[in-house]
Amino acid sequence: MANKHRIIVALSIAILIISIATGCSNNIKRVNNQPVSKTEFVLGTVATIKIYDNASEEVFNKAFGKLREIDKKMSINIDNSEVIAINSNAGKDFVKVSDDTFYVIKRGKYFSQLSEGKFDISIGPLVKLWNIGTEYAKVPTEEEIENKKSLIDYNNVILNESEKSVMLKKEGMMLDLGGIAKGYGADEVVNILKENNIKHAIINLGGNIFAYGNKQDGTPWNIGVQDPNLSRGNHIGIVQASDQTVVTSGVYERYFEEDGKRYHHILDPYIGYPVENNLAGISIIARSSIDADSLSTAAFVLGLDKGIELIEKLDNADAIFITNDSKVYITSGLKGKFNLTNTNFELIE
Ligand code: ADP
Ligand code: MG
């Protein structure tokens, strides 16, 4: 018995030493330097994290756990989310929320102000009315649109900083964080990767990309810029990015057709209808994904000229604008960093 005991102790010590020597006990095995990758459906989209270092199962669990937590707090499609609680108390009461939700609403309100309400986190009543992306999508009546439009105003989203609580001033108002929550999710995944000593990774939350660190050889990542006319994964060109996010908003993904007309999911809060301008898509390149997500939606609604004006004004963001007639415009910070590869498009400089 004593001998057996000693063997067990010796074995345990050996395993412990091996674990310490290899850095971590449960690293996922990598083949030929390929990344380790996990995909889940979360935040209403397909989310993939690809890590190009030795990584443990635990890092992925933490990252996807955080994304699920954000979804549970901020979705308007999940009962009992904090955003649903705020919406059901509209016109009645403040609702205390988590730091995550408070931060996203605060940042969302900031970008609503910055874009003079072209991006507006209180767009909820119009989004619900149109139901784009669901089987109930239909063109509403003029009267319905007018009624809902009168409820949209980010100035009526009241934040109590010390209590971390939020109130919507008018009954019927609704927050919709669909244009910003994925960006926050990507930033939070980056924080988790940092804390876990990961150096090289690509996070892709349904086209909301974060190029974390560099490629393993130290050069920037090459990120494909979505072709707005084709399904996800078709590119018009390549942008170089390191520790930067590339976030795309466009007409290509969520839409429905009625009487031969296409209606997509980015709404102009001023008119109550899907945006119709000369833009097919926009990609924002920035350090912060929550900023890029809001800005991609904002710039899309603003249109080419005002959109470029807004992005040029900001220090930490650049953009690629793609028009319906296949012209591509880039902001000044991207000169030399964007390479148009699709000959159906023309780069205007
Ligand atoms: P995606 O969600 O496809 O990545 P966006 O980031 O552009 O695209 O966000 C679009 C979503 O944002 C819509 O599905 C809707 O929930 C919401 N939204 C639509 N129009 C606006 C707007 N003008 N301001 C703020 N949010 C919007
Ligand atoms: Mg967005």
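Backbone N, Cα and C atoms are what each Cβ position is placed from, and that goes for glycine too.
Whatever TrEMBL says is automated annotation, not expert-curated.
Marked as Mg(2+) binding site by TrEMBL: G179, D293, T297. Take the CB of T297 (Mg(2+) binding site) and look out to 10 A: across all protein chains shown you find 28 other CB atoms.
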Nonlocal neighbours by CB distance (under 8 Å) for G179 (Mg(2+) binding site), same chain, sequence gap 6 or more: F119, I121, I123, S249, I266, D293, S294, T297
